[in-house]
Amino acid sequence: MLSRSRCASRAFSRSLSAFQKGNCPLVRRSLPGISLCQGPGYPDSRKTVINSSNIFSVRFFRTTAVCKDDVITVKTPAFAESVTEGDVRWEKAVGDTVAEDEVVCEIETDKTSVQVPSPANGVIEALLVPDGGKVEGGTPLFTLRKTGAAPAKAKPAAAPAAAAPKAEPTVSAVPPPPAAPIPTQMPPVPSPSQPLTSKPVSAVKPTAAPPRAEAGAGVGLRSEHREKMNRMRQRIAQRLKEAQNTCAMLTTFNEIDMSNIQEMRARHKDAFLKKHNLKLGFMSAFVKASAFALQEQPVVNAVIDDATKEVVYRDYIDISVAVATPRGLVVPVIRNVETMNYADIERTISELGEKARKNELAIEDMDGGTFTISNGGVFGSLFGTPIINPPQSAILGMHAIVDRPVVIGGKVEVRPMMYVALTYDHRLIDGREAVTFLRKIKAAVEDPRVLLLDL
């Protein structure tokens, strides 16, 4: 009896183990009872029987799919205070498998684009917002069925080995026909029926070439198509029109001799790169010179509050640097420039430029700014009048460096020259202050020692 109990325990343990694995089918017999210890060593009169009504009838039951799967709803992240809504552009579709932190959609706002990643590995079950739809912060975007580890990408199947060329059946060589005997006499030449007459060359009419097919008159395409303005372009258009309608914009010009700054850059760029791992450019010189001039002329760093009719003077200097991207012009901000040196400025410009190229600029990177620098010279612009970036009161426009003849000490010399333009709000800034400000920038760029000596 004891041996039969042990046999029943072992059989039941095996059945329970097969059930727990979840991948093995459990099949119920069609008999009224199941004998666990039935065999040739045990008499049928003393069988240990478990009633079939107490055994689960389960076929291909998988516990992992039921216990581990979980559906979550992903919502729109919170926007900055100045942004209320955005447009959705989907990168994935229903049924796509995504890995954790993989971008599922992109929300384009007035100032930048916000990427929404997947919070976990899983499969997208539903898209709750249509492509191009408007969403606010906290709006449900899509549902995701979580799974285990992200499925490994299938390796490309190896190209099947080239099949060996089938051996063509050998065709028995047919003996060539016997060669004809070589003639020993020339055959007679038949005489022409009519005698040949010679004609002068002038009498021979050239054969007319076939007429060329006249090319049809070129018809230019007169089609047109429309594209919806993205949110960033709409915002740029709105802000620039507001600036034009609000500010009394006036532009003053000057020119800068770039000889000294070019010489300084050529002399120290290698040492600068070795120490700071950064390239020394011209933008850092203009940013530093602008901060120096803004401290001398604080009204250029101020702004009019139209609501209260007050002038707001900023004691800090945050300079916006215009960067062109495929989506439009963005202006990330370099903050507290008055406390920076050339290396700090170059490092910040490099980081912001890299984020702009990768479309990773956040709203915080572009908020604020007390003065803007726009460098149209990188595109070859020789002369231009930039538009103020509200809520600021002035903007500096840099242009291309061109060798031009100039008079130096009573002699004509060829120097690398750059035109610079300062557009300012004439409601707040007078002409004298604007010209003085621009001359300060000119002096600091032409002779960087001015910054060291605080002249």
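Positions of Cβ are set from backbone N, Cα and C atoms, glycine also.
Straight from Swiss-Prot, the features:
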TRANSIT   1-68  transit peptide
DOMAIN    71-145  domain 'Lipoyl-binding'
MOD_RES   S82  phosphoserine
MOD_RES   K111  N6-lipoyllysine
MOD_RES   K155  N6-acetyllysine
REGION    155-220  region 'Disordered'
COMPBIAS  155-173  compositional bias 'Low complexity'
COMPBIAS  174-193  compositional bias 'Pro residues'
MOD_RES   K269  N6-acetyllysine
MOD_RES   K274  N6-acetyllysine
MOD_RES   K275  N6-acetyllysine
MOD_RES   K279  N6-acetyllysine
MOD_RES   K309  N6-acetyllysine
ACT_SITE  H426  active site
ACT_SITE  D430  active site
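DSSP states for the domain 'Lipoyl-binding' (71-145), grouped as helix (H, G, I), strand (E, B) and coil, give 0 helix, 39 strand, 36 coil.
Taking Cα separation as the measure, H426 (active site) is nearest to K269 of the modified residues K269, K274, K275. Of the listed recorded positions, namely K111, K275, K279, K309, H426, the sparsest CB environment within 10 A is found at K309. The average pLDDT for the domain 'Lipoyl-binding' (71-145) in the predicted structure is 86. DSSP assigns K274 (N6-acetyllysine) to a helix.
Among the recorded positions K111, K279, K309, D430, the ones whose Cα is located within 10 Å of the Cα of K269 (N6-acetyllysine) are K279. With respect to their backbone Cα atoms, D430 (active site) and K309 (N6-acetyllysine) stand 18 Å from each other. Separation of the C-alpha atoms of K309 (N6-acetyllysine) and K279 (N6-acetyllysine): 44 Å, rounded to the nearest whole number. Ranked by how many other Cβ atoms sit within 10 Å of their Cβ, the modified residues K269, K274 place K274 at the bottom.
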